[in-house]
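What TrEMBL says about this protein:
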- GLU98: active site, proton acceptor (ACT_SITE)
- GLY22, ASN23, ILE24, GLY25, SER26, GLY27, LYS28, SER29, THR30, ARG157, VAL158, LEU159, THR160, ARG161: ATP binding site (BINDING)
- 19-204: domain 'Deoxynucleoside kinase' (DOMAIN)
Amino acid sequence: MIRHISRISSQFSKPFTVIIEGNIGSGKSTFLQHFENHKDVCVLSEPVEMWRNCAGHNLLANHYENPVKWSFTFQSYIQLTMLQRHTFVTSKPIKLLERSIFSARYCFIEQLFRRGTLEAPSVSVLNEWFKYVITKFDVSVDLIVYLRTSPEVVYERVLTRNRKEEQSVSLQYLKDLHDLHENWLFHKTAFSRPAHVLTLNADLGRLAIREEYQKCEDHLLSVTG
């Protein structure tokens, strides 16, 4: 299947670009690991290490510890690093991105605004940057893979993996993000979608989820062939 996509994509200068979207703990990293060893696939994970070390500052930790103070700074840096991911040049015919500049705006910034963590002037600045980026840079994508989960399942996963920066992540926060992802990608009642959406059941365990990954491979084959 991958070889087939490679032949199709090699006809164009831009790789077939897929963004992997979903809630915290939805299994995005596991999904990417399914493809990362293939020679024709460029896998770009979220730049978490950059967020943990921006000139020595851990913006990720700062954001979780004091979101009112640090959310604007953190989201500004996320937009920059996501732009870098979107415009990353690769000779490989397929590029997979963990999240995107679109979910940063439509889900995470939106959640902060609705909860009152980010005030309207700050959101306006971030939105102007967002509009500038998507009109002046090629951040187009060919497919969105939505790893659909329930908030309760991902909350248990977050508790189990016990990452330092996620100690303050609440079930309510995950419910907020779930609703925003659902309305954007599943119900399609909020915001626009830059590409077709393929929804996978990511509540499944590691073994059963591989059948869902196969759905993605099959879909890639159908849309590129």
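Placement of Cβ uses the backbone N, Cα and C atoms for every residue, glycine included.
TrEMBL does not curate its annotations; it predicts them automatically.
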Name the residue among the binding-site residues SER26, THR30 whose Cβ has the smallest number of other Cβ atoms within 10 Å.
THR30
State the count of C-beta atoms found within 10 angstroms of the C-beta of GLU98 (active site, proton acceptor), not counting that atom itself.
21
At the Cα level, what's the spacing in Å between LYS28 (ATP binding site) and GLU98 (active site, proton acceptor), rounded?
7
Within 10 angstroms of the C-beta of LYS28 (ATP binding site), what count of other C-beta atoms is obtained when all protein chains are considered?
23
Count of other CB atoms lying within 10 Å of the CB belonging to THR160 (ATP binding site):
8
Distant-in-sequence Cβ neighbours of VAL158 (ATP binding site), under 8 Å, six or more positions away:
ILE24, GLY25, GLU166, VAL169, LEU174
